Each structure stands twice: as structure tokens, then as C-alpha cells.
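Report on the following structure.
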Amino acid sequence: MLDQNQLKKYNQEHLSEYEKLMSSNEKEKLESKVNELDLESIQQLFQDLYVNRQSISDVSSVSEVKYQRKTELTDQEGAKYEQKGIEAIRNGEFAVLLMAGGQGTRLGYKGPKGSFEIKGVSLFELQARQLLKLKKETGHLINWYIMTSDINHEETLSYFEQHDYFGYNPDNVHFFKQENMVALCETGQLVLNEQGYIMETPNGNGGVFKSLEKNGYLDKMASDGVKFIFLNNIDNVLVKVLDPLFAGFTVVNDCDVTSKSIQPKDGESVGRLVNQNSKDTVLEYSELDEAVANTFDNANIGIHAFKVAFIKQAVNNDLPYHLAVKKLKQLDEDFGVVEKPTLKFELFYFDIFRYATSFVTLQVNREDEFSPLKNKEGKDSVETATSDLERLNLI
């Protein structure tokens with residue numbers, strides 16, 4: 001039986017009503033899961049991030065990041081960075097980390113987002129091609145680490161196997177799953193998914209480093225002599241995966257965190273790379289007052305390089321949760337399936353920046369390096385991604 005006092009204390013009494021309609025086996029699973037949860041912490045998250053949520057309007061502690069515009073590099077500087085990058089890649093100083101835990105639902109596609117194809121070429125293949133090109137240029141096959149999630153892990157592995165890893169050596173591709181976090185309804189109560197279990201959703205990309213560590217991959221990188229982790233996500237179809245110039249820029253500056261950015265447009269719903277309290281960080285657009293957001297010159301495009309030594313030192317430090325509200329299918333009080341606004345609590349990888357001591361950013365051209373694929377139609381859509389890939393002769 002569920003602990004009624006605990007349920008009442010933390011606003012979860014509705015679970016008793018669900019329990020009455022469950023089989024013995026279902027009751028056992030529900031009780032086991034609820035007993036695993038820290039209901040006090042979950043309620044505190046609900047209060048802090050939903051009930052008392054605020055946008056950031058005071059920018060007294062926020063300033064522009066230290067950055068270099070790629071367009072302002074001289075030919076000699078660009079060539080120097082490229083050469084340094086090629087040397088570092090050849091010497092095995094970089095690993096590549098891809099965050100690919102999402103589904104293609106918003107594209108009208110059933111399956112891992114990375115397996116979505118544009119004119120017969122999947123997002124995974126677009127990135128694999130670039131890594132294979134680097135192998136030709138440097139003679140070194142980079143270890144490729146790919147973070148999946150419970151919702152797409154098996155399908156992702158199957159997709160790679162069906163496509164012979166796009167010509168990549170399977171021994172150099174390492175898959176691991178991000179962890180989950182419970183979801184809540186807008187009154188702070190746990191919800192049941194369509195299968196009747198406590199709903200959990202991927203805990204955001206901020207769990208990427210702990211998941212790397214848990215799977216032994218941080219230790220592997222260190223033992224392999226890897227000094228930097230190049231990180232990117234599956235959304236950006238124009239990402240330059242570990243381009244030598246950025247690799248060289250990373251090596252020469254030798255910072256804990258090296259980032260790429262673009263000049264944001266006013267009102268653009270993209271996080272801003274800023275310096276807050278003497279630390280570089282990303283402030284999500286949804287967390288900023290709009291007028292404040294428009295004062296900063298660097299939009300985060302999810303491309304960074306991290307020192308392995310820094311990540312190993314900071315990996316177990318606490319990161320804050322952020323709130324996302326999304327319509328998700330769940331069970332109502334009669335066990336019918338409904339779709340309702342649901343609170344998801346997510347960790348963001350960039351919150352690890354607060355533990356770093358050195359930062360630098362390279363601002364690149366949007367037209368060359370940023371085209372997010374988020375929607376089936378309209379802005380940031382299949383149509384815009386296709387157009388951008390064709391414009392740069394990438395498909």
C-alpha cells in the first residue's frame with residue numbers, strides 16, 4: 001500500500017485513486033516507483049520553477065562574453081588555427097559527443113530524430129560523412145560518442161546497424177542513454193503515462209556528462225589521451241563537426257570551455273551566451289525579459305569544446321533544473337488517455353560552465369553554420385533545412 005501520510009503531505013493523494021483501479025502487479029510497480037522518489041525535492045522543484053517562476057530582468061551582473069568574430073580573422077590566423085586543429089585531431093586529442101536523445105515527432109516522423117532523412121540523407125549520416133572526411137585528412141578515426149534516451153535508444157542502434165554505421169568503424173561509435181526525471185501536471189501532481197506507469201521524461205542534455213562518466217567513457221577518453229570533447233546536437237543540419245579551424249582555436253586558447261555562437265536576431269527564441277557574475281553561461285530566451293535578451297550579441301547554437309580534465313573535475317557538481325511545459329499524452333482519473341500541458345524538469349549542459357575558470361567564444365556566420373530542424377513546416381522546418389543544405393551543396 002502507498003503511504004497515505006506521505007501522499008497527503010506532498011499533494012499526491014490522487015495516486016490512491018489510481019491504485020484502486022490497478023491489478024496487484026500494477027499496484028506493486030506503482031508502490032515501488034513512488035518509494036524510489038524524493039517527493040519533497042519534487043515538490044520543491046514545482047514551487048521554485050513553476051509556482052514562483054520569474055524571468056530575468058536585472059542585468060546588473062550580466063555582460064557580453066569574450067568573443068572573436070571568425071570574419072575578423074586574418075588569412076594567416078585562420079590558416080594557423082586550421083593547421084593546429086589538423087595536428088591535434090591527428091594526435092587523437094579530440095573526441096566528438098553528439099546529443100541525439102530526441103524523437104522526430106514535431107517533424108511528423110516516427111523514429112529517432114537523427115534517422116530523419118532529407119533527400120535520402122539522414123541527420124546521422126550528415127555528421128558521419130564529416131567525421132570520415134576528417135579521417136581522410138588526418139589519418140585518425142575519431143571516437144564518436146552518441147547520447148540517446150529511453151525513447152529512442154534501441155531504434156538508434158538498429159538504424160546504425162541497418163546502414164552499416166555509414167562506413168564508420170562500429171568500434172569507434174559509443175552509444176549511451178541519458179537519464180529520466182518524473183513529470184508533473186500543472187497542479188504539481190505526478191501523472192501516469194499511457195501504460196499506467198509514473199511518467200518520466202528524459203532529464204535534459206545536462207545529464208550528458210554524468211552519463212558519460214557512469215558508462216566509463218570519461219575514463220576511456222583520459223586513457224586514450226583525449227584532451228578535448230567537441231559537443232553538438234542533432235538539430236543543426238549545418239553543424240561543422242569538429243572543423244579544423246575551431247579545433248585549432250580551441251587548442252590555441254586552451255580554455256575549459258570554448259564555444260561557437262552566431263549574431264542573434266531581435267526577438268529570436270535562442271539562448272544567449274553571456275557572462276554572469278564573472279562566469280560565462282547561457283541564459284535561455286524563455287528565462288530573459290525580451291528587451292534584455294536583445295542587448296546581447298551571441299546566440300548559443302549548442303556547439304562547444306570542453307577540456308576533458310575540466311569535465312572530470314566538475315562532473316559530479318550539482319546543476320539546476322529548468323522548466324519546460326509540453327502537451328503530453330497521459331491517463332485521466334478514469335484511465336482514459338488525454339493530452340494535457342505537462343511540466344518537464346530538465347538539466348542543461350551549459351550550467352556546468354559555472355564551474356569553469358576560462359572561456360572563449362568564436363562567433364561564426366549563421367548562413368554557413370546554423371540551420372535548426374525543429375518543425376515540419378514554417379520556421380526552422382524541413383523546407384528551410386533542405387534549402388540550406390542544397391545551398392551549401394551538402395545534399
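Glycine is treated like the rest: Cβ placed from N, Cα and C.
Site annotation (Swiss-Prot): UTP is bound by Met99, Ala100, Gly101, Gly102, Lys113, Gln178, Gly204, Lys344, and the candidate from Asp235, Asp243, Asp380 recorded at this site is Asp235. Note on the binding-site residues Lys113, Lys344: the fewest other CB atoms within 10 A surround the CB of Lys344. Secondary structure at Gly101 (UTP binding site), as computed by DSSP, is coil. When every Cα pair among Met99, Ala100, Gly101, Gly102, Lys113, Gln178, Gly204, Asp235, Lys344 is compared, the largest distance found for this UTP site is 20 Å.
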